[in-house]
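Remarks on the structure that follows.
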Amino acid sequence: MTRKTQLHQRIAYFESLRGLGATSIVLYHLGGDTVFIDNNLVNNGWMMLDFFFILSGCVISFAFLPQMDRPGGVVHFLWGRFLRVYPLHIVMLLVFVGLELVKYAGTHYAGIAADTPAFAENNLNSFLHNVFLTNVLMLDHMTWNKPSWSVAAEFWAYGLFALAAYALRGHRPLFLGVCALIAAGAFAYLTQHTMDSAYGMARCLWGFFLGVLLAALLDSGRVRLSVPMLHVICICVAAILLTGPWPHDHGWSVLFTSVYFMLLLALFASPEDTVVKRVLSHPFLVRLGTVSFGIYLIHSAVWWVLAQAARVVVKLVPGLVQPGQDALESALVSNVLLLIGLPLIYLLAELSYRWFEKPIYDLRFRQPRWVAELDRRAEAQVTPPQPPA
């Protein structure tokens, strides 16, 4: 089985995990008072971002590290990553500009009070930081489309990965040593802080480069796990996620990333034909993972709109909630929002991927001539001219 075929098979069940992780974050951010949301599994949903970072570093290293030995490969990688994450990020940023205008109009013309005044936190300064993906570097709080901080963090991680891989091409042990230093530095930093988004860049670097090291470990072929060991690890991971809820505001919270490191290691290093992998290879779950980026970036806007609509409804029908109770504190209202919102988020993510994200991402195959010229010049510099026969 070729490396590409192995990677394709692995991506199938990892896509499923990505989709389930995105769904967990969606429920975590709704935060309603219902058993379907207020449970340990969902309350531990903050850990799913660390899973995304580790998985991203691992898969990207498998897929793109071999091409990082030439300038054109680096450009192609960064251009592809840009096309994959930036367009939807900008679209959702503009959606939130529209929502902020709605909030402004509601406050000034309809007399509707807002918890945070329009354009107070979501202002021009934070808008520009979101446009240039510096929000994760320059702001200590989330603004506009709040989940987008991780998009910015991961894009900077892509750049650092590409820079290190190209600068140290041909020196794999040294490259892995640098990756280990980056991961160790981020880990040490996080032990002195928290896993809050204010430290999101360090959180991303720790997870992403841990994933790069995981890919190197697996690529060596030295790790093999049996099916029973896979089941034991899956049971341990499930036990951790179903207990707690575990806090994210302690220095030792960073240790929870080891949960996903072990899970990915077990899935990668165990035989392909297992019950766990067959379940994760179900077409619906795989498709959920395929559109998971849209699920992640779109859900915050959907929840905002539905939450505001719910608050209007409970004012018109006071009997739906107890006096002084917020709409989302009602189990009935929360369940209705979940029943409407989750399928709507899935639908919007599917449409976004099919008609917007994928067509734009496919543009990466149109390589400009100057990229090929970069490779030609680089090859000419390392290949001495041959003397005439």
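Cβ coordinates come from backbone N, Cα and C, glycine included.
Whatever TrEMBL says is automated annotation, not expert-curated.
Going by TrEMBL, these are the annotated features:
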TRANSMEM  12-31  transmembrane segment
DOMAIN    12-310  domain 'Acyltransferase 3'
TRANSMEM  46-65  transmembrane segment
TRANSMEM  77-99  transmembrane segment
TRANSMEM  148-167  transmembrane segment
TRANSMEM  174-192  transmembrane segment
TRANSMEM  198-218  transmembrane segment
TRANSMEM  225-246  transmembrane segment
TRANSMEM  252-272  transmembrane segment
TRANSMEM  284-307  transmembrane segment
TRANSMEM  327-349  transmembrane segment
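If you count C-beta pairs under 8 angstroms between the transmembrane segment (12-31) and each of 46-65, 148-167, 225-246, 284-307, 327-349, the highest count goes to 284-307. Distant neighbours of the transmembrane segment (46-65): 3, 7, 10-11, 14, 17-18, 21-22, 24-25, 28, 73, 77, 150, 154, 157-158, 161, 165, 195, 203-204, 206-212, 214-216, 218-219, 241, 246, 248, 256-257, 259-261, 263-264, 268; these residues of the same chain sit at least 6 beyond its ends, with a Cβ under 8 Å from one of its Cβ atoms. Sequence-distant contacts of the transmembrane segment (198-218), counting only residues of its own chain at least 6 positions beyond either end whose CB sits under 8 Å from a CB of the stretch, comprise 49-62, 65, 136-137, 140-141, 149-150, 153-154, 156-157, 160-161, 176, 179-180, 182-183, 185-187, 189-190, 254, 257, 261, 264-265, 268-269. Taken together, the residues of the domain 'Acyltransferase 3' (12-310) have an average pLDDT of 88. The transmembrane segment (284-307) shares the most Cβ pairs under 8 Å with 327-349, out of the stretches 174-192, 252-272, 327-349. Within the chain, the transmembrane segment (174-192) has long-range Cβ neighbours (under 8 A, six or more residues past its boundaries) at 160, 164-165, 168, 199, 202-203, 205-206, 209-210, 212-213, 216, 251-254.
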